[in-house]
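Written out below as structure tokens is the structure these notes cover.
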């Protein structure tokens, strides 16, 4: 029997761990221009570090997903966070861009524990409506975490360049390691039967619902991270680099509004995940179309309020039902789902960086999401 959530786990710790991967990625975004200058590389090449980050993150999702099912949740989290500390130290003392890329990829690999580990711990304790409500709360943290990272990045880059960012991340790793040791119990079910990772892979690779969820999660994430990838350079081209940090306020407003409305609609009207996804998709297309029309104006970031609203509504509702058929293998199944959508994010961001076209990229992704949701709704109604 699952324990009462409030009596078994620290919600602040879980929120911190869930936010960790996105905070430590977007904190790096304001440093891209400084890195391009310091290491004498092009802006496109500096921006590609974001793409490589997600591909390495995908590998980490698989490795840590297997490890938490095999060796337990708590010990695996501590190990991954220790590796993150070492990788951040390596990035700090890198003397050339190739070294920096290697350490950044190791940082991504180890930071993946914040996603797969936290979701598995939560699913160990909750299911059904309780899980949906907690994920709707977590949706606020998921949506705000990139904006928090953006603000912190602007502050530390202005104080000490990109080195200031890595020093802060080393401190953050130490804090999380100590917090997990002190407050996170082992949640792996004692009676859990070991299931073949290969068997799980075979089940999921032919599961159309898993592919749908992976594509949707990837799509909504791409619309956010494409902004973090290209916006610094769009602002710089207009001589308004300082506005990149300020734009985080607009994104934060959208995140809070989306998360609030999502939670309100669930509690007040009991709207289904499918209905909320349709709302999010429509809002996303409207917002990205508006951004495309004003991309070369200084206020092009304002439609991102709608994008972050759509993200905050969609992601918790996708995650709630994503692994309902894999509860006997949550770590491995979560790892493989994460592998799919983080590979998709990483590959898409390679093309986004290469195109340098923010508005056009976002419209393509938004239309794809709307088509997928439309097809899914049609098939489920038959």
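Backbone N, Cα and C define each Cβ position, glycine as well.
Automatic prediction, not curation, is the source of TrEMBL annotations.
Under the heading domain 'Major facilitator superfamily (MFS) profile', TrEMBL lists 9-382.
What TrEMBL records for 50-68 (among others) is transmembrane segment.
Marked as transmembrane segment by TrEMBL: 75-95 (among others). When Cβ-Cβ distances below 8 Å are used as the criterion, the transmembrane segment (75-95) is approached by residues 17, 60, 64, 67-68, 102-104, 106-107, 109-113, 117, 163, 166-167, 169-170, 173-174, 176-177, 180-181, 184, 186 of the same chain, each at least six residues removed from its ends.
If you look up TrEMBL, you'll see 101-122 (among others) marked as transmembrane segment. Only residues 6 or more beyond the boundaries of the transmembrane segment (101-122), in the same chain, are considered here, and those with a CB under 8 A from a CB of the stretch are 9, 14, 17-21, 24-25, 28, 49, 52-61, 63-65, 68, 73, 76-77, 80-81, 83-84, 86-88, 90-91, 94, 131, 134-135, 138, 169, 184, 187, 319, 330-331, 334-335, 338, 342.
Positions annotated as transmembrane segment by TrEMBL: 134-159 (among others).
Feature annotation from TrEMBL assigns transmembrane segment to 165-184 (among others).
Proximity of distant same-chain residues to the transmembrane segment (205-228), defined by a Cβ-Cβ separation under 8 Å and at least 6 residues beyond the stretch ends, is recorded for 25-26, 29, 50, 54, 146, 150, 251, 277, 280, 284, 288, 301, 304, 307-308, 310-311, 314-315, 318-319, 321-322, 325, 336-337, 340-342, 344-345, 348-349, 352, 358, 361-362, 365-366, 368-369, 372-373, 376. The transmembrane segment annotation in TrEMBL covers 205-228 (among others).
Annotation source TrEMBL lists transmembrane segment at 240-261 (among others).
Below 8 angstroms of C-beta separation, residues 132, 216, 220, 223, 258, 262, 265-266, 300, 303-307, 309-311, 313-314, 317-318, 320-321, 358-360, 362-363, 365-367, 369-370, 373, 376-377, 380 of the same chain, each at least six residues beyond the ends of the transmembrane segment (273-292), sit close to that stretch. Residues annotated as transmembrane segment in TrEMBL: 273-292 (among others).
Look at TrEMBL and you will find 298-319 (among others) tagged as transmembrane segment.
Panel annotation: around the transmembrane segment (331-352), residues 48, 50-55, 57-59, 61-69, 73, 112, 115-116, 119-120, 123, 195, 197, 200-201, 204, 210-211, 213-215, 217-218, 221-222, 225-226, 229-230, 322-323, 358, 361, 365 of the same chain, lying at least six beyond its termini, place a Cβ under 8 Å from a Cβ of the stretch. According to TrEMBL, the transmembrane segment annotation covers 331-352 (among others).
Proximity of distant same-chain residues to the transmembrane segment (358-379), defined by a Cβ-Cβ separation under 8 Å and at least 6 residues beyond the stretch ends, is recorded for 212, 215-216, 219-220, 222-223, 226-227, 230-231, 234, 274, 277-278, 281-282, 284-285, 287-289, 291-293, 295, 300, 307, 348, 351-352. As annotated by TrEMBL, transmembrane segment applies to 358-379 (among others).
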